[in-house]
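Participant: Structure incoming, see below.
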């Protein structure tokens with residue numbers, strides 16, 4: 001039986017340097033993540049993951065919030081280094097003292113090591129305590145001049161495999177305006193101006209996924225013209241969203257009830273985009289009218 005290799009990244013560094021953004025970034029590229037874990041629990045988590053089929057990638061934040069446990073860190077790191085079933089790296093996030101002070105002032109949070117409330121004293125003590133760990137780190141990132149978006153991009157580029165690059169996902173969603181706009185939509189397109197199959201009794205109880213309705217909607221000249229323009233708008237901008245570090249882009253297409261026109265349009269768009277992107281297709285309100293009729 002082939003031995004399972006776990007890819008482990010221990011995220012550590014100065015408080016305020018961006019560890020929260022970092023751990024969210026690892027989650028976006030498919031890592032199992034745990035924040036603020038006591039070092040003594042790291043081997044136990046790895047042992048559990050060895051017997052799981054869910055993932056072989058894990059990112060853990062270990063920092064001075066767990067100071068009571070932090071004395072164990074060197075022994076734990078030695079164990080990890082000697083484990084042949086681990087591909088193990090340390091990511092250390094740093095920033096200048098001035099930048100860290102500025103971030104603490106902005107958030108109005110107290111430093112975990114500033115007993116008397118003086119942020120700079122806490123930073124200096126933390127820097128001293130973390131110095132040995134920083135020297136062991138294979139990856140040291142200075143976030144002083146990085147925006148959260150730039151940090152996410154840096155982590156994605158450094159720790160994503162080629163397969164992970166497909167972590168950018170497009171959600172194509174149809175909906176009915178009468179039931180409200182999707183709250184998570186990034187782009188919304190309105191197709192209520194197109195001829196409505198609802199007024200044809202033979203099509204009323206069907207949906208945009210049925211061939212009769214799909215053909216009715218998509219064979220009108222207005223539909224063809226609009227779909228062509230929609231493609232010309234959407235396809236060129238997708239690489240830009242991916243480049244900016246967005247993990248999910250939701251494209252919503254709406255008609256009145258979300259049963260006919262929007263379903264047909266969203267389905268065609270999703271099928272076309274699947275040629276080049278990872279796409280999920282959802283029809284939020286497709287069966288809502290049927291369910292309402294059945295309840296009555």
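Here the Cβ of each residue, glycine as well, is placed from N, Cα and C on the backbone.
As the structure is a computational prediction, the values presented were derived from the model and not from experiment.
So Swiss-Prot lists the following for this protein:
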- 13, 14, 15, 16, 17, 18, 19, 20: ATP binding site (BINDING)
- 63, 64, 65, 66: GTP binding site (BINDING)
Participant: DSSP on residue 13 (ATP binding site), three-state: which is it?
Facilitator: strand
Participant: Specify all same-chain residues, apart from the site residues 13, 14, 15, 16, 17, 18, 19, 20, whose Cβ lies within 8 angstroms of the center of the Cβ atoms of the ATP site, ordered by sequence.
Facilitator: 22, 63, 93, 95, 100, 143
Participant: Sorted by position, what residues of the same chain at least six away from residue 16 (ATP binding site) have a C-beta under 8 A from it?
Facilitator: 95, 100, 103, 104, 111
Participant: Which one, from the binding-site residues 14, 17, 64, has the smallest tally of other C-beta atoms lying within 10 Å of its C-beta?
Facilitator: 64
Participant: Pop the Cα-Cα gap between residue 63 (GTP binding site) and residue 13 (ATP binding site) into the table, whole Å please.
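Facilitator: So the Cα of residue 63 (GTP binding site) lies 7 Å away from that of residue 13 (ATP binding site).
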Participant: Pick out which of the binding-site residues 13, 18 has the most other Cβ atoms within 10 Å of its own Cβ.
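Facilitator: Neighbour-count leader: 13.
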Participant: Express the distance between the Cα positions of residue 63 (GTP binding site) and residue 20 (ATP binding site) as a whole number of Å.
Facilitator: 11
Participant: Of the binding-site residues 15, 17, 19, 20, which sits closest to residue 64 (GTP binding site) by Cα distance?
Facilitator: 15
Participant: Comparing the binding-site residues 15, 20, which residue's C-beta has the most other C-beta atoms within 10 angstroms in this structure?
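Facilitator: Within the set of binding-site residues, the most crowded position is 15.
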